[in-house]
Structure formats: C-alpha cells, structure tokens
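Data block below; observations after.
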Ligand code: DON
C-alpha cells in the first residue's frame, strides 16, 4: 500500500467548500427544561440537527413511543427539512441500546450490481475528477428506508404510519425554511453553476427561501407510499419504478434488481472496556468504532503515569495527532465491508496490539509520515442525532448522503436527493477521496459491497446504564469528533454544551503532518505546533449532538453553529 503517495484526487477548494457545507446541518440551542435536580426522575432527551426533527422526536416520546420510534420519525422528518444530509436517498448507521441490549442497524448504501473496481478510472488508469462525487454515477443503492423498517420491526412500539406521517405532512404542507438553510442552498447552486455541473438540484430547491414555506410535493407522494406500504413503498412498486426509469434515462446504475435485493443488516456493535466504562460503538463497515477505541486506549496507555494533559494544549494536540497517524494507517489497509473482507477487529483493539502500536509514538517530535505503516504483522453533509427515552433506552444515529446535497441529483417524480456515497470507496489504491482518505483492496468497489465509512454513532455505558450518547457528521473528522467528545465528557468532565462547542482537531496521516483545527484553539498552541513542524489548517468540524446522563440528571446539547435543538423533558 503506497501510504506515502501524494493524494492526487484531493480536489481543492470546491470540495473543501462542499465539505464545510456538509458539516453543518446547522443550532439554535433551546433547552426547554433546565437540569432537574432530582436524579430519581427519569428524564428523556433529544439532541437533533434541526428544530423540526427535535419537536417531532419529543412528540413521539411524549406519546409513549420509545427512543427507536422517535429516531425513525426523526429520520423521515430530516429527509424533508434537512435536505443537505437528511435523506431517504442515502444511508447510515443506528446504534440502539434497548432493554439493556445493544444492536447496530447498518443501512449503509451498497454498490450497484453493475459497478466494478475501476469504474471511476479513465483509459490511462487515472481517477476521473468528480465522477464519484457529483452526478448520477456517484450513487450507491439507498439503504435508509430498509434500515428504518428493520429498526421498526425489531424495536418499534408505535405504528409505522404514525412515524412517517409527520414527515409526510411537512413535505406536503411545507415547512418554514431556516435562513441558514436558504443560504446554504443558494451557495450550493452558485457552486454547481460555477463548476458547470449539469444536475437538476436547482429545479427542485431554488424555491426554498428564508422564512418562507417550502413544499415538496413529489417527495410527499413518495413518503405517502412509504407510510402506507412500509419498506415496499420504496424498494418495490411505483417508487422503485420511478427510480429505475430515471436511472435508465440518465444512464445511472441503480436498477429494479438493485433495489429489490438491498438489505439492511443488524450487526453486533463493538464493545470495549475503557476505564470504568463500556464503550459501545460502530463496527465495520464503519471504520470509526475501531478507530476511537484505538485512540482512547493509546491515549490512556501513554498518559497513565503522568499528570493530566491540559485540554487543547500543544502537548495534547500533538499526542492525539501522533496516535491518529497510526489509527489512519490501519484504517487504510485493513478496513472495509466485513461481508467482503475479513477485518481483524479483535486484533486491532487488543491491549497487546495497542501497547505495541504506542511504542513508536514520539512525545516531542513528529513521526515521519512515510514510516508509519499499518501495524498488524501478517501482512461536508452527514447528520447525527442522539435520543434517550424515559426508560433509559437510547439511539445514536448518523445518516448521510455523503457531501452536502449528495450527488446533486434529485430523482424526478420521486422528489428526493440521491447520495454520492460511491466516493467513500477507494477508486484507486493510494489515491485519496474527497476527505483525503486513502484505501486499498479492502475498500475497492465490488457489486453489493458497502463502502467504508467514518460514521461512528457511539455510547458510553457505566454499570449497564447509558451515560453518554454521541456522534457527529464530518467525513473522516467524525472519528476525531467522537473520541474527543468522550474525552471532553469523561476526562475533562465538561457539560454537554462544552462538549459540543469546545474546538476540535484532527490528524489522519495524510495529508502529511497537517492538523485540521476548529477556530478557537489558542494561537500560542498553534504556533508551538507549527514550530514542531505541523501544518495547521483551520476548518469547521461536524454538527455534534450529545446527551449526558449524570446518574439520572440529563444534559443535552446541539452544537452552537448549526441549526440544531436539544430538549430535556
Ligand atoms: O460515511 C462516511 O464516512 C462519509 N460518507 C460521511 C460524510 C460526511 O460526514 C459529510 N459531512 N460532513
């Protein structure tokens, strides 16, 4: 694996802009109830990326629905009110903790049956710019409706129709467009036009104006079929015909057969002890669970005999960047869809392996990027929400169409945006995708395979009770957002508000020695790191939504820059 090669598919500013759009489903922080003082009262909480999903999720919980019911209803609402990431044309992961049992619903998109390894390469073997990111060829087979249906069959307590109805109403009757959304749509249209991308996004979304009602009637019809026919309302019958006819007309790849054979899967979450806690997190095809466990365990091992590092000091950022180099070297080599490649999960998070990996970490200088190899011997819009019900059940759900507004293509007649998730595959070994992530054989394109993801819905349990629910959008930076949120909450005892708003940072091996950081890191820390040799690059991180449970006292927060809303009630 040529891990040291320079990524040549990192497509510069336009994608940084697209990614930054995708980071924020955008947050107006409204805590309707302050923390109640009696820990015995079982509170419920939602931390959502917009106010519509927050209100509907709260409503479902107040009607007696459980956390999974609320999550399903919220997912459909987001498909209407958060078009940059909420979806029925994409996929995601739902981590469930219910009645003290955990489950992981994998509704990640699958590569179409006619896809193949070299589909994004030209005759010289070079990656064709943008083809896996914008336009009809960028989409994997959507998994969201199948995922919600599976979650409903396993855990739902309210009728399916009641869960889809709020989304249908918002699409049919319209919703008032948040000014941040209107602005984001305007910017996206301007970018598409500037780059000359010929997609139909504008035809569907140019009418979404700040503070005005925006109706989506084709989407409403699609949601009505899903409401009335369940899973079949998407993967069979009229919706399936509309999608496949559209694909044929536009020379896309998704066929009736692709839709019919799509499968959401229930997988065993990764569970690992860490300190006095149990970490419950995302297994492959997410890379995030393995990564956050490696990160947190190496951090503890290296700092165990020392004074606690100061939060966001140069020493703290450097140590976590050094660990990140190793985590991402492993990610690129070993991780892919577990239905296609054997992922050595147990080895990668074992204490022996972590100890061995920690040995080469340098505390005062930067390891040479090219020398950081995978360690085993043998060889910008996603959105996240967190929900906890009054019974202590919880859902951590991250969902995406990949970049903000996905492929930019709306299925004509069905009114929903298609994902551009195919870019999460490795189009060519060693060539970086839009998030700068490289990969090899484990993540090459194969029909029906799921592309490797960084989405990492996670929870931390203590004595069988959920003490923290976390997750974020942000491409590969998701992984850093999640482990940093765990350190913020449990190492630095922050409030939920601080957990989501303290500046985060990220290093992923490549680009070489680059630490991406969020505005707000102390300038003195930045110059210290620059003097060490780091290239410091400012950017936004994902719109994080967390819930903290301090022995019955619930604290929830949505990141301040977004348009999210958290409610404790
Ligand atoms: O699954 C993944 O890792 C990416 N498709 C996530 C994309 C994302 O977070 C974009 N938002 N900023």
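Any Cβ shown, glycine's included, is placed from N, Cα and C.
Any TrEMBL annotation is an automated prediction that lacks curation.
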If TrEMBL says 400, 401, 402, 424, 453, 454, 475 bind L-glutamate, which of 108, 117 does it name for the same site?
108
Kindly point out which of the recorded positions 108, 382, 401, 402, 454 have a C-beta less than 6 Å from some atom of ligand 1.
382, 402, 454
At the Cα level, what's the spacing in Å between residue 475 (L-glutamate binding site) and residue 382 (active site, nucleophile), rounded?
8
Among the binding-site residues 400, 401, 424, 453, which ones place their C-alpha within 10 angstroms of the C-alpha of residue 382 (active site, nucleophile)?
400, 401
Non-local Cβ contacts of residue 400 (L-glutamate binding site) (under 8 Å, 6 or more apart, same chain)?
85, 87, 90, 91, 92, 381, 382, 383, 419, 421, 455, 473
If one looks at the chain holding residue 453 (L-glutamate binding site), which residues at least 6 apart in sequence have a CB under 8 angstroms from its CB?
93, 108, 285, 286, 287, 288, 424
Other Cβ atoms within 10 Å is the metric here; tell me which of the recorded positions 382, 454 scores highest.
382
